[in-house]
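Below: one structure, written as structure tokens.
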Amino acid sequence: MSMFNKVTKTFQWGDKTVVMETGEIARQATGAVLVNIDDTVVLATVVASKSAKPGQDFFPLTVDYIEKTYAAGKIPGSFFKREAKPSELETLTSRLIDRPIRPLFPEGFYNEVHVVIHTVSLNPEVDADIAAMIAVSAALSVSGIPFNGPIGAARVGYINGEYVLNPGQTARKNSQMDLVVAGTEAAVLMVESEAQQLSEDIMLGAVVFGHEQGRIAINAIHELVRDAGKPVWDWQPAAKDEPFIAKVTQLAEEKLRAAYQIRSKQARTQALREASASVLESLKAEGADFDAVKVEALLFDIEAKIVRSQILAGEPRIDGRDTRTVRPIEIRNSVLPRTHGSALFTRGETQALVVSTLGTERDAQRIDALAGEFEDRFMFHYNMPPFATGEVGRMGSTKRREIGHGRLAKRALVAVLPTKEEFPYTIRVVSEITESNGSSSMASVCGGCLSMMDAGVPMKAHVAGIAMGLIKEDNRFAVLTDILGDEDHLGDMDFKVAGTTAGITALQMDIKIQGITKEIMQVALAQAKEARLHILGKMQEAMGEAKTEVSSFAPKLYTMKINPEKIRDVIGKGGAVIRALTEETGTQINIDEDGTITIASTDSAKADEAKRRIEQITAEVEIGKIYEGPVVKILDFGALINLLPGKDGLLHISQIAHERVEKVTDYLTEGQVVKVKVLETDEKGRVKLSMRALLDRPMGDSGRPAPAERGERGDRGDRGDRPERGERRERREPAGADQQQQQQQSTGAGEHSGQMDA
């Protein structure tokens with residue numbers, strides 16, 4: 001009899017088989033489920049504290065997604081040969097899992113919950129993120145922890161006009177969309193996507209399709225819970241102290257309503273702080289027994305009620321706008337004088353200083369991902385320091401939120417970037433948020449597009465982004481355009497849409513409540529399009545098209561094509577030739593396997609010099625052409641002349657002069673620069689040269705050209721074997737001269753050979 005009480009559920013999901021197991025691995029966790037989708041295997045565990053910490057006023061949920069390199073049969077490349085800090089992909093996947101499960105824990109549940117997911121086996125054609133979301137949903141469901149799930153999740157592609165469920169890496173290369181949707185059986189909770197300028201209807205159809213497919217996983221999880229679920233915790237939220245709530249409401253409501261009539265964020269924030277302090281002072285004066293943390297939570301609830309009721313009643317929003325108006329926009333380009341491209345994008349009290357930098361192929365980010373190595377030549381980094389919200393805080397490592405916002409902005413812009421052939425630069429965009437009052441990630445999208453255009457990046461179209469919000473009470477709802485920070489906190493949805501005039505390039509949605517219908521999403525998308533087109537109009541006024549030239553401070557890229565067989569000559573033995581080229585010309589040189597060479601330099605003269613030298617190195621010796629080069633070696637039977645870098649030819653003693661030459665050194669010295677004509681080349685690449693062919697024949701006493709000298713007569717042989725009269729017979733070469741010539745010529749070429757990757 002086995003020591004394990006193992007329960008397994010198998011179901012077919014599209015063209016993939018999914019196996020869920022629990023009861024064998026990680027039995028001491030509150031809940032643990034192993035999910036296998038066509039050899040991609042993830043282990044999700046969840047552990048929850050039995051009680052909340054005293055004074056806890058928020059839900060402490062932590063999600064850690066971890067990829068193990070052994071899952072792909074690899075050993076980590078770091079010095080310590082073990083997994084270290086989370087990669088960007090691991091951080092983004094952790095956020096992807098966190099977002100749909102967080103709203104499903106009941107209000108008032110403040111027990112610490114830690115979700116850990118390990119990817120332990122990877123099929124590159126099956127993404128681990130979807131398997132991880134299914135596994136986490138199942139682990140939470142079987143754990144007995146208070147959780148209003150399960151959730152389902154699915155990836156949706158759009159190929160040849162049809163939606164595709166969970167496309168793999170290969171299929172996604174032909175997909176116009178990469179969308180991940182998660183939700184409960186009844187409602188969508190989270191959407192994350194990028195697209196190739198698709199319409200609102202196509203995007204909404206993908207969300208609906210993905211949600212329907214996610215229900216298949218939800219049904220299987222219900223079956224697993226029936227067979228292996230643990231008893232549900234006997235947890236009840238703390239009873240509400242209605243008299244105390246009424247007291248706080250009486251003290252605070254009027255002051256809070258007055259504060260929310262103030263249109264300026266800073267003044268409003270100050271008024272809210274004063275209202276909070278006043279309530280606490282009044283409670284102290286009355287001798288009430290209270291917890292300050294609970295009072296702050298009550299004040300937040302009162303604020304939410306005030307703001308939400310005003311909006312649903314058709315009253316102006318916090319800053320005085322109606323539900324459809326975008327805040328005032330101001331744009332300034334070329335803000336920073338020495339950067340390659342920059343833009344300052346301000347929308348109300350949200351401001352982004354966005355800077356673009358152009359680099360060479362060497363500057364591209366090389367990522368050793370679990371599914372395989374790849375190169376990324378477009379990077380978008382988002383930073384938001386504490387001063388952006390007028391707060392004191394710590395500056396340190398990049399936060400998860402910053403990584404997530406940067407990736408969203410990147411998703412929005414990547415669809416309109418030029419191809420590598422059209423624009424071979426590596427591009428890095430950095431968005432510095434200098435003010436924030438809602439939708440800073442979408443300000444980063446707008447500023448990023450403008451700064452790249454300012455840098456001379458030939459974008460296919462302008463891209464703008466907008467953040468939408470939602471207030472919903474029963475059957476009444478209001479969709480808000482361009483939400484403020486307070487509206488984000490107090491509302492029910494954060495819905496970000498980016499795109500061009502032609503369609504959507506990125507969509508992100510986080511919903512805090514159940515009951516968001518397809519109709520509400522349609523209204524939100526239509527309203528977002530209206531706002532997006534308005535912002536695009538402002539951007540086009542500020543910068544109609546990209547600059548035609550890159551900045552004088554940016555490297556200029558010059559491309560040339562050589563015979564791939566000549567690559568080793570350009571690199572040289574141990575990289576000696578290319579190293580000398582880059583050092584002596586002050587350029588960066590990149591060589592592709594197909595023979596494409598890219599030269600990068602801020603000085604066109606230096607780039608031209610590098611190009612000239614590469615042309616010399618790779619040039620072929622032409623028969624009949626005259627070259628000028630130094631004597632590199634004197635031989636008994638002639639001399640080696642350098643014609644091109646790495647290419648020497650043999651000047652035979654008989655081809656030095658018209659007269660008889662007894663000693664080569666009487667005519668030539670090493671280092672002497674001479675002009676020679678190429679007589680012939682053979683199949684082995686040996687080159688025969690002549691100086692004599694470029695010299696006039698000396699005149700005899702009669703004024704006629706002197707007859708050519710004859711060699712030793714020896715055996716005269718038959719008449720037919722003799723040369724015609726006046727024709728010169730070449731001197732016989734010493735034995736082995738041909739082999740010496742081959743050896744000497746190959747020596748020079750050999751010095752420039754080397755491995756391409758040296």
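Glycine residues also receive a Cβ, built from the backbone N, Cα and C atoms like all the rest.
Note that the structure is predicted; figures quoted are calculated from it, not measured.
Feature annotations, courtesy of Swiss-Prot:
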BINDING   Asp488, Asp494  Mg(2+) binding site
DOMAIN    555-614  domain 'KH'
DOMAIN    624-692  domain 'S1 motif'
REGION    692-758  region 'Disordered'
COMPBIAS  736-745  compositional bias 'Low complexity'
DSSP helix/strand/coil residue counts for the domain 'S1 motif' (624-692): 7 helix, 36 strand, 26 coil
Binding-site residues listed as Asp488, Asp494, least Cβ neighbours within 10 Å: Asp488
Model confidence over the domain 'S1 motif' (624-692), averaged pLDDT: 90
Mapped DSSP class for Asp494 (Mg(2+) binding site), helix or strand or coil: strand
